[in-house]
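S.K.: Before I ask anything, let me first share the structure, which is written out below as structure tokens.
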Amino acid sequence: MSDKVSATIKLNNLAPPSYEEATAAGSPSHSGSYPGDGDTLTEFCWDDQNIRRIFIRKVYAILSLQLSSILAIVTLFTLCDPVKEYVQSNPGWYWAAYVLFIVTYMTLYIFSRPRRTFPWNVILLAIFTLALAFMTGLMSSYFKTMSVMICLGITAFICLSITIFSFQTKIDLTSVWGMLCISCTALSFWGLLLAILLLPGRVPWMQVVFAGLGAILFCMFLAFDTQRMMGKKRYTISPEEYIFAALNIYLDIAHIFTFILLCRRQDSA
């Protein structure tokens with residue numbers, strides 16, 4: 001009888017751990033990832049392929065709605081003259097959208113609870129999406145229609161190519177996280193300096209160079225965020241963070257379009 005009990009205990013000890021135990025033991029947070037949250041940027045265990053597929057489908061479903069909204073608003077602001085004239089003559093709407101964009105982005109970026117709690121995560125993401133779409137649409141209204149359409153096509157081609165490359169390549173693009181942060185900070189300071197000195201108006205080619213570097217940088221961010229979503233890389237995103245993953249990719253694509261549009265400064269209406 002004692003031999004049977006001993007054998008049972010040994011079998012229980014050899015039983016595989018539960019999903020929660022496995023992920024808790026194999027998913028240490030990466031130090032210095034995001035402020036206020038240690039669960040977003042992690043070395044997550046992606047052993048369950050089904051969880052990963054569901055997570056990726058959910059992210060791209062949300063992203064498709066976001067891109068549909070920004071495409072609709074950009075098209076409306078570009079093609080509809082009454083709307084174009086109204087938004088251009090009332091800059092207060094832009095600043096209101098900018099405040100909403102900053103508040104919702106910082107809330108979703110810093111605090112894990114709002115972006116993981118339904119329905120607040122959906123509400124905040126919707127406000128963020130519409131605010132960024134409004135700002136992008138307003139900027140597009142100052143350019144010729146054909147130029148905007150060309151930039152939309154170029155953006156779609158570039159983003160699709162980067163996404164396919166990120167899924168197919170064996171190169172771990174998430175390892176350049178530090179370089180991307182430094183480059184983004186440097187580009188931000190450069191843009192601020194250009195705005196203060198008003199150089200874009202005096203030296204047009206300077207804005208083209210700035211916009212070109214910005215487009216390249218956010219193409220790299222798109223590849224980085226895509227691979228974080230895929231998993232099995234140095235840095236990955238937890239499957240609970242589908243709102244955060246969609247937010248990052250949407251922001252990357254919007255920035256790529258904006259910088260490509262700024263490269264065509266000579267086509268402004």
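Every residue gets a Cβ built from N, Cα and C, even glycine.
Features from TrEMBL:
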type: TRANSMEM; residues: 59-80; note: transmembrane segment
type: TRANSMEM; residues: 92-111; note: transmembrane segment
type: TRANSMEM; residues: 118-139; note: transmembrane segment
type: TRANSMEM; residues: 145-165; note: transmembrane segment
type: TRANSMEM; residues: 177-199; note: transmembrane segment
type: TRANSMEM; residues: 205-224; note: transmembrane segment
type: TRANSMEM; residues: 244-262; note: transmembrane segment
S.K.: Relative to the transmembrane segment (244-262), which of 59-80, 92-111, 177-199 accounts for the most Cβ pairs at distances under 8 Å?
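M.R.: Per the Cβ under 8 Å count, 59-80.
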S.K.: Is it true that the transmembrane segment (59-80) and the transmembrane segment (177-199) have 3 or more Cβ pairs under 8 Å, skipping pairs fewer than 6 apart in sequence?
M.R.: no
S.K.: Near the transmembrane segment (205-224), which residues from the same chain, at least 6 beyond its ends, have a CB less than 8 A from one of its CBs?
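M.R.: Apart from its flanks, the transmembrane segment (205-224) reaches 158-159, 162-163, 165-166, 173-174, 176-177, 180, 183-184, 187, 190-191, 194, 199, 248-249, 252-253, 255-256, 258-260, 262-263, 265.
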